[in-house]
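Below: one structure, written as structure tokens.
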Amino acid sequence: MEGDRVAGRPVLSPLPVLLLLPLLLSRAAALHPDELFPYGESWGDQLLQEGDDESSAVVKLANPLHFYEARFSNLYVGTNGIISTQDFPRETQYVDYDFPTDFPAIAPFLADIDTSHGRGAPHRVNGKVSGHLRVGHTPVHFTDVDLHAYVVGNDGRAYTAISHIPQPAAQALLPLTPIGGLFGWLFALEKPGSENGFSLAGAAFTHDMEVTFYPGEERVHITQTAEGLDPENYLSIKTNIQGQVPYIPANFTAHISPYKELYHYSDSTVTSTSSRDYSLTFGAINQTWSYRIHQNITYQVCRHAPRRPAFPTTQQLSVDRVFALYNDEERVLRFAVTNQIGPVEEDSDPTPVNPCYDGSHMCDTTARCHPGTGVDYTCECASGYQGDGRNCVDENECATGFHRCGPNSVCINLPGTYRCECRSGYEFADDRHTCILITPPPNPCEDGSHTCAPAGQARCVHHGGSAFSCACLPGYAGDGHQCTDIDECSENRCHPAATCYNTPGSFSCRCQPGYYGDGFQCIPDSTSSLTPCEEQQRHAQAQYAHPGARFHIPQCDEQGNFLPLQCHGSTGFCWCVDPDGHEVPGTQTPPGSTPPRCGPPPEPTQRPPTICERWRENLLEHYGGTPRDDQYVPQCDDLGHFTPLQCHGKSDFCWCVDKDGREVQGTRSQPGTTPACIPTVAPPMVRPTPRPDVTPPSVGTFLLYTQGQQIGYLPLNGTRLQKDAAKTLLSLHGSIIVGIDYDCRERMVYWTDVAGRTISRASLELGAEPETIVNSGLISPEGLAIDHIRRTMYWTDSVMDKIESALLDGSERKVLFHTDLVNPRAIAVDPIRGNLYWTDWNREAPKIETSSLDGENRRILINTDIGLPNGLTFDPFSKLLCWADAGTKKLECTLPDGTGRRVIHNNLKYPFSIVSYADHFYHTDWRRDGVVSVNKHSGQFTDEYLPEQRSHLYGITAVYPYCPTGKKYALGCSCKLAG
């Protein structure tokens, strides 16, 4: 390539080179001067000025240069071996603006042509940088970002550029000049008798650094692995950065003063330990920090290399200038250092090591050592501790209130810190301090996307995600997707003296006129005026209820007279009787033969009572025969159906009901307004009466008891009744609340309502409202027990004669027992041993039974010397099952297997429900209409509480301020209405 002959030809100094030559030659081998074309001033070449980074005057090209898609008419030639289309930057520009690696060079050729004559040619390094850093408290990751270094060997200058490191990490790495300082040591200017790192280790080595920052003691580990020269003769190096570095705000700049450090050499290893101060500035802000650095360089000695002359074991690296810059727009982190390597200077005394660096300080183990000038230092207790730095003690942030735990969380103190934990049902938000409600995952059983039969026929069981299964409810048969009603009446489940009524999914039994009972057990009513036939019939039916009985049950007409034809239901014999019921001799016929002709056939019997009539009779029994003006009694028409309009006692509160007696939502009226309950007539636009919110109790242990339509609160001071602090927890208009129990995990109270035929619950949190969880298949739900471990509830129904269970939200309902029950009442659970206990106050054969929680291994525990076992509780501490008997007037206890029975008290009044807490029993009493406490050990009465409103108290339970841990146990059960 030739320039304009008028301007003259440019000449490289000290050895001119034809400019086009680097474009034509391969970089695989170097050229010698005698292999070049003729050159020199005699050939029209010009000499460049002596020095580094000097450039020629502009070289005007006669023919423009076509380079890719651009045309260039000017070129510049530099002593650093670069041909460029623009003039070269000065040295300050390398540091303040761009590095040579960013400069538009056409042909760097000094790696191919030896023009140095030993002055030292520039070296180049390529590599990748990866890191996992914690900048302050923020994690930052980056992988295989580019590293380029440019080294001017003749004066030991090294420039390093790392691109595309995330801004927080790049800003925090500004003080870590050792990342680029490696190349300064590697290619440092060698003083006589000394060698730099490249002369010693070559192009294959490992450089490990551990840096500890002060005062925060953050640590970072850096590994730089040299992997030899690439085909372009560039040194290849990989850098990995792991650990924590202090956070440096944006716009701050780092300044490091010149320094000297000693390198110690042994076989294949070089080590160095030093301390450096650095300052961070921004405007008028100037902060000084420091770090301690340990370096270890290992390399493989070549066994075949000529024997090296004696080499000093210690050399001194002098770093005269240090620069560190980060450009946010270009996202490039740059380091620049100027280095010399030589012998240890004799007049340089060893720098004393600060005690913070060598561990000789007197700070507490939980304090931080802050290095000062020379060997001075100060001690400061770490965050979470307090003291003078030499003696530090833990600070309880939870007690002092200096914590960030938000609502619905619990603060737990730890040494030097604390931890926040969310309460049950909550989880941490992104800030790890605020607790938010856990959003439940999609549930086909709740959002209605399942394919199960209607809710009244089947239940949907969620298995997680979108999986679910269907199961028909008790009283239905099918695969869960299609369910059909089971006719229980065809299975003869009612008493012979009762009439069976099949209903969808269930059935009911009602004793026939002249008998009383629940339909499963009917007893002749001796209080009524009966004819001889009815008396004999009732007596025979009572005997027939016993297994194996073969008594004949007389048949009577509507007037109570003996039917002329009598037949034995078991043997099949038939005969005629006279008006007194005596057999007419000679009229008996054997089974299978034609019965004798004794008179006209019997007329139809009386219509059986309906659900409305049975419910009405049941409530009247609870009210003692005559209801008060404020007590609800179902209104039935002449056919026994629910009248569409139902009203509460003699009040003006009315509502509409469906054919099953269920309230039609939105029809409950205010006084003075009567809803229109005729079908097709819209109800009046009157909003329902709001139910009162829960009045939350104070923290501590307390008793909850039921009294008609309200739940009462009675706090305990130890075991003493705090009668002056008693109050109403919740009022439920129109209810008769009987059973009650408490779930300590979710702070929910559960109760049964025999007037509403429901089981409901409410949270003890402020403003909580009641929630009905079971509202079908109940007639007289009474006893209730909560298993807070398995999240299950158990209850008894004295009319249905059933014991059932369900999860605490009312799902997965299951009938545990429906046979051999007459009047099931109280129920208690022992969740630790997995046992269930209940009482049956059958006047003919009262008993206490037990089974496993899944209904297996049913057996009788107590059936002797027992009368009316109304109350039942399990004491987990003494492992005793205890009951209060309104028939024998005794409070007794036994072991779970029925042995070790003993009397605690033998002079009770009329106990209804009982609960055990600490060394006392607490029971409700119908004679006193209050709560009575009895000492477990002495059996003596200790106190009693009589509410201002004098009426019967039903269930009672104890509530603790927390769920017991370790030995988990079930809380005392609520028990039921006395017969």
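Glycine too: its Cβ is placed from the backbone N, Cα and C atoms.
Disulfide connectivity taken from TrEMBL links C654 to one of C647, C656, namely C647. Disulfide annotation in TrEMBL: C574 is bonded to C567, selected among C556, C567. Its Cβ taken as reference, C567 (disulfide bond) is surrounded by 16 other Cβ atoms within 10 Å in the chains shown. Here the listed stretches are 121-351, 352-393, 394-436, 441-484, 485-521, and the one with the most C-beta pairs under 8 angstroms to the domain 'Thyroglobulin type-1' (530-598) is 485-521.
Long-range C-beta contacts of C574 (disulfide bond), restricted to its own chain and to partners at least six residues apart, with a cutoff below 8 Å, comprise L565, Q566, C567, H568, Q588, T589, P595, P596.
Close to C654 (disulfide bond) in the fold, though at least 6 residues off in sequence, lie L645, Q646, C647, H648, R668, S669, T674, P675, each with a CB less than 8 Å from its CB. For the domain 'EGF-like' (485-521), the number of residues in each DSSP class (helix H, G, I; strand E, B; coil) is 4 helix, 16 strand, 17 coil.
For the domain 'EGF-like' (394-436), the list of distant contacts is 366, 382-386, 745-746: same-chain residues at least six beyond its ends, Cβ to Cβ under 8 Å. Per-class residue totals from DSSP over the domain 'Thyroglobulin type-1' (530-598), listed helix then strand then coil: 13 helix, 11 strand, 45 coil.
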